[in-house]
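**Q** According to TrEMBL, the protein carries these features:
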- CYS136-CYS169: disulfide bond (DISULFID)
- CYS137-CYS153: disulfide bond (DISULFID)
- 15-33: transmembrane segment (TRANSMEM)
- 45-67: transmembrane segment (TRANSMEM)
- 73-98: transmembrane segment (TRANSMEM)
- 216-241: transmembrane segment (TRANSMEM)
Amino acid sequence: MSGNHFKGHEVSCCIKYFIFGFNILFWGVLSNISSITDLGGLDPVWLFMVVGGVMFILGFAGCIGALRENTFLLKFFSVFLGIIFFLELTTGVLAFVFKDWIKDQLNLFINNNIRAYRDDIDLQNLIDFTQEYWECCGAFGADDWNLNIYFNCTDGNPSREKCGVPFSCCTKDPAEDVINTQCGYDIRAKPDSEQKDYINVKGCVPQFERWLQDNLTLVAGIFIGVALLQIFGICLAQNLVSDIEAVRASW
């Protein structure tokens with residue numbers, strides 16, 4: 001009789017280790033969240049702690065729940081993943097409906113970070129990367145750098161960078177092997193018609209909008225892929241819970 005104890009029902013090892021592997025993958029994908037820096041005054045350390053905490057809790061519940069066949073942890077994992085999916089879906093819908101508000105917030109975000117450009121080396125690197133990648137300068141143009149105390153054009157500004165822009169605003173010469181970090185000095189003292197010969201005059205907000213339009217298929221594909229991965233994880237967890245409860249019911 002004991003030999004036939006689990007004959008009718010047994011826990012699927014494939015599903016169990018699929019969930020374990022899913023959590024390892026999910027952990028790995030989100031492990032680079034520390035690269036996100038200042039968000040309009042929010043300390044990146046706190047952001048990292050919150051997101052890292054969510055990652056740890058979700059990964060712990062999924063991995064331990066699968067390996068130990070703990071239905072409570074698996075249900076927690078499934079519900080938590082469902083909440084994240086719902087929040088992502090809601091965020092996507094709201095971003096589409098309130099795209100003008102998002103645009104204003106992006107402008108505010110960039111301008112706040114321009115003010116703090118020299119205060120945080122990580123923030124500085126992020127802005128330089130953004131301006132180089134999108135070939136832009138400031139939120140809507142180079143004059144946004146007047147918001148920074150080192151780059152503004154006021155008469156009382158003693159900085160050598162007065163009326164300039166960071167080197168990441170400069171147009172790149174493929175023949176140059178070494179970056180000229182002083183290429184933006186005094187550039188905004190020149191007429192607008194001359195500035196475009198030395199720096200990228202387009203703002204990062206319109207450049208981001210253009211990039212988004214050009215890569216809409218890629219962005220949509222990534223969001224759909226992440227959503228399907230989450231739905232897959234929820235289904236696996238629910239399947240494993242059903243198997244475990246069926247085995248226990250057969251006892």
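Positions of Cβ are set from backbone N, Cα and C atoms, glycine also.
Quick caveat, the model's predicted, so the values are computed rather than measured.
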**Q** What's the CA-CA gap between CYS136 (disulfide bond) and CYS153 (disulfide bond) in angstrom, rounded?
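**A** Their Cα atoms are separated by 20 Å.
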**Q** Can you give me the Cα-Cα distance between CYS169 (disulfide bond) and CYS137 (disulfide bond) in Å, rounded to a whole number?
**A** 5
**Q** So which one is it: of the disulfide-bonded residues CYS136, CYS137, CYS153, CYS169, which has the fewest other Cβ atoms within 10 Å?
**A** CYS153
